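What TrEMBL says about this one:
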type	residues	note
TRANSMEM	B:20-39	transmembrane segment
TRANSMEM	B:51-70	transmembrane segment
TRANSMEM	B:97-121	transmembrane segment
TRANSMEM	B:141-160	transmembrane segment
TRANSMEM	B:169-193	transmembrane segment
TRANSMEM	B:286-307	transmembrane segment
TRANSMEM	B:319-339	transmembrane segment
TRANSMEM	B:360-381	transmembrane segment
TRANSMEM	B:393-410	transmembrane segment
TRANSMEM	B:422-442	transmembrane segment
TRANSMEM	B:448-470	transmembrane segment
TRANSMEM	B:482-500	transmembrane segment
Amino acid sequence: MNAVISSEQLTMHFRGCDALRGVDLDIQPGTVFALLGENGAGKTTLIRILTGFQSPSSGSCRVCGIDPLSQPLEIRRRIGYVADQPALYDWMTVGEIGWFTASFYSDPFFDKYRESIRLYEIPEDRKIKNLSKGQRAKVALALALANDPELLILDEPTSGLDPMVRREFLESMIGRALSGRTVFLSSHQISEVERVADTIAILHDGKIRVCEPLDQLKGSMTEITISVEDPLVATPSFPEPAEILCETTSGRERQIIVKHFDAAMIEGIESSQSVVGVRVRAMSLEEIFIAYTRGSITSPESIVSSQDDSLEDHRAVETEVSP
Amino acid sequence: MNAIPREMRAFLWRDARQLIPLVAMLVVVTTLILTLWLFTDDNFDGYVPSVWIPLILPTLLAAGCGAILVGNEKETRTLKWIASLPVQPARVFQSKLLVATVALIAMWLAALLLLVGMSVAGSDSIRDVASLTKTSIPWNVSFWVVHTIFILVAGMYAAWRIENAFGSLVAMIPIAGVPISLATISYKCYLIASGHYYDQESATALATLFTLPAIALMVWLGYRAAIRFFAADPPPRVASSANESQQGLFSWIDPWKPPASGIPSAKPFRISLATLLWQAFHQNRLAFIGLSACVLLGMICLALTATQRSYNLVGDSLNLFWVAGFFALSWLGVLSFCGDGSAKSLKFLADRGVSPSTVWLGRHLMPIAIVSAALLVYGLSQRSILAGGYLRAGPMFSMAVITAVMLVIYGVSQWTSMMIRVLGGSVFLAPLLSVVCIGWLIAQWTWIGSPVWVMVICIALPYAVTLMLMKRHMDDRRDLRFWLINFAAIAVGIVGLPIAQCAYQISQFPTISESRRAELQSMAMKFGTDSASPFAIMRVDWNENDYLSKTWDGKPTGQQIAKRLDAIQDRPQDWLEIPSRASQPLQFDTSVLEASIGSAEYYRLRMVDDPSEAAMEQFEAWCEFLIEYGQRMRLSSRLWDQDGADEVAIWLTHTFAKTEMQQFWDRPTTREAMQFISAADDRNEARRRAVLESWTEYHDNIESDSPSRSDFGGYYSLLDFQSTPDFQRPYLVDRRMDVIASVAIEMIDAAENGASTMPMRQLLHQVLFDNELAFDSGPYSDRSAISAMSPNFSGNPNQARVPAVKWYGPWEQDAITLYRSWQKAESTQRQSTVPEVK
């Protein structure tokens, strides 16, 4: 199956920082794809490149089989895009902006838009400037969805929405994916993403740290807590294919995040020197996200600052392990 | 209509809607200016060409289209949203250009209609609209049409090309001047090289020739800029990391700027104002530097214009620079609360609890420093020009005037920018409103007569309002109260206060009560108003082809003329056409009286020197004419003629009181003179009648809207309030006439009862000279009342041209004394002593 979005070694250098450092993506149609990353990770830059607003420093990408830079109009015809703070014409009414936007799309657009607006309970004769933040977000969503695009790109789509609408909206994303369309979500609302996303990608420091189906990602990550008699004893090693992502020592307890852990490995750990107890727990997506994003801090300054933070918080020492 | 693509229709609708506020603003401002023009037409038409008013509409629309249609959309990021839709960038560009062009055409039609309207109304500077197509640039309307198209496309290009909306507006100004500057320079170079004279048609044609290709160029550049705007942003060039970690030592400047990245700083910005100053400057660094340079240069050029004539190349350039300085100052004001000073930007400070007054001061500190520097520059330039002894060719304004004008421009502009959030709107409206406000202040000074303190309040009010509304502005609260304060300040402070103060001034002007008015009316009824109108004494026309030729057929010879002249006996009837009916009142004509007195005095001296019968007859002929003239002026119902009769009486008293005239006291002429000067009761009655009839006739003329209402009893100057502002005159003139009439009657009554006339004279002085002249220096003072027997007596009739000025002066007592002496002498047959002239 042809990927809806594919990119190869996308890089983007800004003054003083590298927003993207070789991003490779391959998103299949009919999925809800969630791009996670902390503030400044490069999510919006990646979306701007995918939608043809920004040329990358190097690398290439294709969206719906089209190069966004050479055919931006075609891309915009086939996708729906909602920015985190959509700029709409304040002086237009809700109805007017729908009519205005409809003129760029085929006919059912306006009817579908009005249907969504009715669903969101926004009066059509109200001016955009008089709408609340959430209502503006709903109007922007309605405008993006009215075209029934094969790819919907949403940058922080639920910020400003009330819980009820947020739930309905997220559920509608699942419906879209089931009908064969693709949804690209950029968010740090991990709990929401966890509810709807099929595939998760974590962007950190300009790189995709992980890109896997949600179930697979969650299934492969385990938090192991080892109690030891002597805190100076080294952590026991894990057999292949287990991979330690992060290890934290707090007194006589060590918390280790391990990828590809197998329950059969517990017996071996328990038999290690000074180990008095082993507890195993499945991880949430949020914990996985934190593990990926905090686990890669490698610069000396960061270690110093993180040590200071740890001392202030829990007097715990954190050892950093690259994934 | 359906042939137009659907997306194009949507764009056209959107762009047309976006232009509506600009069009509305222009209509409001043009109406304001037109209103000012209508009120000040008589005063300013010669100085301010009225053609400016209609030209404002298309010019400002052309200049503002780019800012509104493109700049504003960039600022609100709606164009970025449009870019996310499947829209061809060319369509966006075409739609905006099309809407702007149609709006410009509509504005030109409106402007031409306005021009025609003003032409029909009879503006001095637009007598004939067709002639405007033949005037020199820039007032040549046909060229201006072309030039506004260029301004339109230049503005669109600048708005597409430059990211910062304010920057694009500033950049448009030099671009807009390029074709006309190139054409002017080229033409002047050609004139210098060829030695030809300036020909306005050629100059206009050349300017048009330069402008037409420039229009095409700007459209193409604008299109390219629009396409580039919608294209994907190119990746930025990566800066070297070496520059990013700049290290430095602490210095005096450190507390005035934030620390460089990674460098610890000991309490930067110890003064919160310093923080705001830094922010205000750095946010718009280029704009500040550019505008400040323009303001300073403009002030030097303004000072230099006094040394240069405006219609040469250097003079024109100087004018261009000071006009640019004016715009720059206005935009400094706009920067206060637009762009970086917008409510959204200031919200950051509001959220951190920074005092609104501190923020307000921080926004104004930098521009105030620039204004101060500009004033200093102007003062120094002016001083060096004055000290250098340059030949001056223009006005040189005082520092006070320049300070006031600068404060008005900046104040109004900063206020406008707080009221109008759209930068494009503020940028165009602020200079216009500044001009309107300056016009209003000039009108206050010259037309309404506001005192300095009212004008100071008007100048300070915009600052006070922005200070008062600063908190709301920072919180982005534009509620009813915000607008109420704004409109109250305009309505009450700027418009209402001067008018209220003027109304107060008018109310303080003396007037008469209704009962007194009724009393005067009943007195006037007794006299009736059926007096014959006084006739003017006409001079005999000595024109050769008229009077002299009446005697002969054809052209007279020199000998014939000489013979005719020899036959003239130099009697009054030789020179004057005196109405024959003795009961016909005569008008007071100062030149006739002066000439007659001169003749009489001449023959008096000859008579005294040689008291022959012929000499006496000659003197008596003139003297009798003067007595008759005085008597017939007494019959007149006009105040002016009564005062003329007084002049005659004064001269007669002065003349017959002379020692050398005593020998002629037995002559019938002397008897007639004595009877005339001694008739005090008749004089009083004639005065009373004249006062009441003049007053009644004045009011009758007002009611019937008669054209002769421009005088009061023959005194035209009474309606001409030299020092009173035009606006107050219509309200004061009736009061003045009422008071004059009432006081004159009071004065007659007081004199008849032997009371002092001083309070009445003081009141007359007040209503006529409005305290601008000290009473002792005025014509009603005792100092001015010189005795008819005084050696200082000049005989000049009523130089002040105000009524009742010689009533009950010392001459009347002199006349009585003389009459009594004459009577005594008459009875003792010239054996008694007569008073001698001192």
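Glycine is treated like the rest: Cβ placed from N, Cα and C.
By the Cβ criterion (under 8 Å, sequence separation of 6 or more), the transmembrane segment (B:20-39) is in contact with the transmembrane segment (B:422-442), since 3+ such pairs are found. Using a Cβ-Cβ cut-off under 8 Å and counting only residues 6 or more beyond its ends in the same chain, the transmembrane segment (B:169-193) has close neighbours at 63, 66-67, 71, 137-138, 147, 150-151, 154-155, 157-158, 162, 202-203, 206-207, 209-211, 214, 218, 287, 290-291, 313, 316, 320, 324, 327, 331, 423-424, 427.
Panel annotation: around the transmembrane segment (B:448-470), residues 336-337, 356-357, 359-360, 364, 404, 407-408, 411-412, 414-415, 418, 437, 440-441, 482, 485-486, 489, 493-494, 497-499, 501-502, 505, 724-725, 727-728 of the same chain, lying at least six beyond its termini, place a Cβ under 8 Å from a Cβ of the stretch. In terms of C-beta pairs under 8 Å, the stretch of B:97-121, B:319-339, B:393-410, B:422-442 lying closest in packing to the transmembrane segment (B:286-307) is B:319-339. The stretch with the most CB contacts under 8 Å to the transmembrane segment (B:319-339), chosen from B:51-70, B:97-121, B:141-160, B:393-410, B:422-442, is B:422-442. Highest Cβ contact count with the transmembrane segment (B:51-70) among the listed stretches B:97-121, B:141-160, B:422-442 falls to B:141-160 (criterion: pairs under 8 Å).
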